[in-house]
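Can you read through this structure? Questions will come right after.
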Amino acid sequence: MNIVVCVKYVPDATADRQFESDNTVDRVGVDGLLSELDEYAVEQALQLKEKAGDDTEVTALCIGPEKAVDAVRKALQMGVDKGVHVSDEAIAGSDYAATSLVLAKAIEKIGQPDVVMCGMASTDASGGVVPAMLAERLGLPQVTLAAVVETQGDQVRIKRDGDTATEVIGGQMPLVLSVTDQSGEARYPSFKGIMAAKKKPLETWSLSDIGVDAGQVGLDAAWTAVDDTTARPPRTAGEIVKDEDGSGATALVEFLASKKFI
Amino acid sequence: MSEVLVLIDHVDGAVRKPTYELLAIAKRLGEPSAVFIGGADKAAEVAEKVKAYGAEKVYVVDDAQIKGYLVAPKAEVLQQLAEKAQSSGGVAAILIPSSGEGKEIGARLSIKLESGLITDAVDVSAEGVVTQSVFAGNFTLTGKVTKGTPIITVKPNSAAPEEGAGAGTVEEFTATISDAAKKAQIVAAQPRQATGRPELTEAAIVVSGGRGTGGNFEPVEGLADALGAAVGASRAAVDSGWKPHTFQVGQTGKTVSPQLYVANGISGAIQHRAGMQTSKTIVAVNKDEEAPIFELVDFGVVGDLHTVLPAATEEINKRKG
Ligand SMILES: Cc1cc2nc3c(=O)[nH]c(=O)nc-3n(C[C@H](O)[C@H](O)[C@H](O)COP(=O)(O)OP(=O)(O)OC[C@H]3O[C@@H](n4cnc5c(N)ncnc54)[C@H](O)[C@@H]3O)c2cc1C
Ligand SMILES: Nc1ncnc2c1ncn2[C@@H]1O[C@H](COP(=O)(O)O)[C@@H](O)[C@H]1O
């Protein structure tokens, strides 16, 4: 089996995330890492491999600036077999459409996948749309937002909390699969894994390597434009009271009544 | 005037509130055309509903052939409708509810129509300027679609529904669905059990509990019921098995933007804030005065939720008489 797991390098959510003057996400000034939500995708990809046997190959694929190779390295340490990092100045500022194009072209070069595994959403853009766009571009079905993944041969079944019901969804490989943070804790890289990762193949491709024209990607080719980014004004300090012998409850009710919630 | 396609959000013909919010936004942009993909037997009833909120046209697409298949067939329907409408009077925008499925429909449609997609809008102006809230609600973004027909997924509670009848002309539409679109299928579905409380994402008031409840949600639920509120939970409470995942508020749960959010025994981690920071009024009860949630609140009580909440609930019920 051939599994490609898409991993994104994102600014640390607990750091002070910012925008650049051109309204793109600051991916350099803030420490980055493999998106926590994509660790779950790596985990599920590895579990599929462990179930299917050793001739299965898992490739971690990341699009992003130079530093983004760290996300691929982490996936290699966790246990994927090889890594591909697509990096090209022209990609900077790409929107979902361009990102999904580059991912699709890179996947075609990696070779016909049985499963393209994604996280439920990136922790920066958090659109959760790249997996569906990728499926559209690759002409594949998509089975997304899985809390539980089960396979039997090329049959895939997932369980998920749908918008209005708990659902079991079935599909057949090849397909695009995305998993949530309910799918099971991601493993930590072991010391052995960290050492082994150093010897694993890691390729860096430019746009020309995958046959994408620089004019198709980047900020200027984007199908959407961000005109303004404004930091939300800090909330004005509220009133905080200490509860003493029931005074907290009374004050709380007074506040709610003053705001007409009661 | 150009049409604005609005995908109706419904469960077996029961129209959900976000549909009316989308219609209100659609009126700013052009002539609202509601799109019903569902059972033909429910069409008349649904058409009446959306008409009352301003739909000029109602496209009815019988889902007998595609029911149970996910996302891809609906994207094909919208593509074909958009192409048809484009050739008559033009399409100003396509509005879709920002649910898990809605965003994925938008994603496929975006590639099909080679049109820009903006997700998770919290507002859309008459000029098509879209407002989003990002980085856990710490930044507000405004932007526009610059290519093709704007496809915008809109979060619940982003506009007030506006009553006022449109023409509501019903037009049946038959789409051609490819075999490729029928490759992912719902095998089984268990509808969410009714809680008797408002829907979390639609509620005007949300009362949430976290690890600090110690697993006893009674004080939280008591206050919620006194206020007519929905009940939410932090991931810690969900991971502990105290509440199902559908109650989770935050980055990997639901985003809520109610008039009032009451966080009880919740520390206020960035991932939790991501789901509630845009609430109009925020109140917290936490026994640790250093808890980061207090940085966000309009009103906070430093105290034990197990005593504060029941006392407050009793007082509220007394006032209500
Ligand atoms: C990728 C990722 C995604 C995540 N997504 C989400 C998400 O969607 N939603 C989410 O909520 N979290 C999410 N988290 C987890 C988040 O980081 C926090 O761990 C979580 O929100 C903590 O929940 P809590 O506030 O209930 O628990 P804690 O942080 O343990 O806080 C409990 C609070 O209760 C208070 N307390 C204890 N006893 C009492 C009492 N008797 N009375 C009053 N107060 C009391 C304590 O002082 C403390 O402040 C995510 C994390 C990651 C890494
Ligand atoms: N630049 C990228 N490189 C690799 N994978 C990505 C990238 N952007 C998005 N993805 C994948 O698509 C998923 C959803 O991303 P998004 O639609 O941006 O929320 C992520 O969890 C990743 O699996």
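Numbering starts at 1 and runs along the chain as displayed.
Backbone N, Cα and C atoms are what each Cβ position is placed from, and that goes for glycine too.
The model shown is predicted, which means the values in this text are computed figures rather than measured ones.
According to TrEMBL, the protein carries these features:
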- B:Arg211, B:234-235, B:248-252, B:265-272, B:Asn286: FAD binding site (BINDING)
- B:4-190: domain 'Electron transfer flavoprotein alpha/beta-subunit N-terminal' (DOMAIN)
Which one of these binding-site residues has the most other Cβ atoms within 10 Å of its own Cβ: B:Gln248, B:Gln251?
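Of the binding-site residues B:Gln248, B:Gln251, the most buried by Cβ count within 10 Å is B:Gln248.
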Please name the residue among the binding-site residues B:Ile266, B:Ala269 whose C-beta has the most neighbouring C-beta atoms within 10 angstroms.
B:Ile266
Filter the binding-site residues B:Gln248, B:Gln251, B:Ile266: retain a residue only if its CB is under 8 A from a CB of chain A. Output in sequence order; output 'none' if empty.
B:Gln251
By Cβ count within 10 Å, point out the most packed of the binding-site residues listed: B:Arg211, B:His272.
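Max Cβ neighbours within 10 Å, all protein chains included: B:His272.
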If H, G and I count as helix, E and B as strand, and all else as coil, what does DSSP give for B:Gln248 (FAD binding site)?
strand
Check the domain 'Electron transfer flavoprotein alpha/beta-subunit N-terminal' (B:4-190) for me and report the mean pLDDT.
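Mean pLDDT, the domain 'Electron transfer flavoprotein alpha/beta-subunit N-terminal' (B:4-190): 95.
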Using DSSP with the three-state reduction, classify B:Arg211 (FAD binding site) as helix, strand or coil.
helix
